């Protein structure tokens with residue numbers, strides 16, 4: 001690529017709308033790295049001969065980060081949506097053999113090509129909203145071959161699309177039918193066979209567990225964390241979504257990158273997260289879709305200074321959401337977060353939730369030039385508009401990878 005100066009833009013380099021530069025420029029070298037940024041009037045003379053790209057006054061933010069998704073799976077769960085509308089709870093559906101296990105059946109039956117095509121269709125709306133990094137979990141295979149298949153598809157998405165994909169092994173997502181009544185034996189399989197094999201194959205960037213009364217116990221969760229730690233893999237946790245099971249405190253003991261959901265999180269768990277540097281990942285799409293009523297403890301998270309990230313939690317059962325911008329709106333309207341909080345929640349804090357704050361979530365000299373240009377009058381509009389296409393252009397590694405067609 002040619003060294004390029006992107007100019008005539010309004011710059012929000014760290015995802016905070018109070019830290020901006022009007023009439024700014026970003027100089028990107030031939031490697032796709034940011035060589036300089038600041039006010040256009042201060043552009044050093046050494047960049048005068050570089051190619052120019054005029055963004056016509058657009059707002060520019062770091063590329064967005066969707067730090068919690070289940071993007072690869074087979075089938076849908078539209079039938080369960082109808083059940084919930086009729087009053088059947090998420091937990092009851094799971095106990096009846098639906099929920100995660102129904103998606104497991106569909107995912108096991110699908111081949112890699114089918115899973116790739118379906119996941120690619122889910123990914124593309126996110127890319128058109130400025131997402132340049134995404135986490136994708138396994139967890140709908142629940143056996144070695146199927147978990148491998150999911151993680152391979154996730155890796156392929158990162159190779160075939162202009163997005164950085166981080167994979168999370170979520171083998172301890174639910175108990176597969178063949179292990180009914182034998183949860184400890186299944187955890188043996190996860191820890192002794194599945195995790196080591198998939199890690200050795202280079203398919204795992206982090207490890208997650210669903211710690212809940214309809215998921216896995218604290219003791220079982222700790223076994224998975226121990227297995228991950230032995231292999232040098234960071235951990236994450238689905239925690240405190242349906243009850244206060246104490247998973248967050250356990251996650252903090254293992255210095256988890258993040259604890260996610262957190263509707264029933266208590267102050268002791270928050271204090272543990274703060275001490276461990278664990279990010280709180282809130283998932284308003286799931287809260288909305290299954291009509292939860294217990295709000296995450298936003299005020300306590302603020303009080304203790306725990307960084308808050310937001311994510312789509314895209315999945316077929318509780319958050320079939322393909323819009324990170326709608327997630328921003330939900331963070332404000334449902335969780336009563338501020339615009340600066342939600343914007344940082346999908347940039348710097350989302351990057352921290354992946355352990356990649358040094359690579360994503362900010363625009364700084366020496367970093368890869370991943371950014372999005374927005375046709376808005378103010379950054380608050382990113383959380384304000386519902387359903388309007390706002391992203392004009394996405395640049396990854398200094399190369400334009402998306403431009404909105406007008407007219």
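Glycine too: its Cβ is placed from the backbone N, Cα and C atoms.
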Out of 47, 140, Swiss-Prot lists as part of the N-formimidoyl-L-glutamate site with 315, 317 the residue 140
Cross-ref Swiss-Prot: 4-imidazolone-5-propanoate site 77, 140, 173, 318; candidate in list 241, 368 matching that site is 241
Within 8 Å of the Cβ centroid of 140, 315, 317, the other same-chain residues by Cβ around the recorded N-formimidoyl-L-glutamate site are 70, 73, 77, 100, 103, 139, 316, 318
Rounding to whole Å, the Cα atoms of residue 238 (Zn(2+) binding site) and residue 173 (4-imidazolone-5-propanoate binding site) are apart by 9
One should report the C-alpha separation between residue 173 (4-imidazolone-5-propanoate binding site) and residue 315 (N-formimidoyl-L-glutamate binding site), rounded to whole angstrom, as 13
Those same-chain residues, other than 68, 70, 238, 313, found with Cβ within 8 Å of the centroid of the Fe(3+)-site Cβ atoms are 69, 137, 260, 261, 283, 286, 311, 314, 315, 319
Rounded to a whole number of Å, the separation of the Cα atoms of residue 315 (N-formimidoyl-L-glutamate binding site) and residue 68 (Zn(2+) binding site) comes to 10
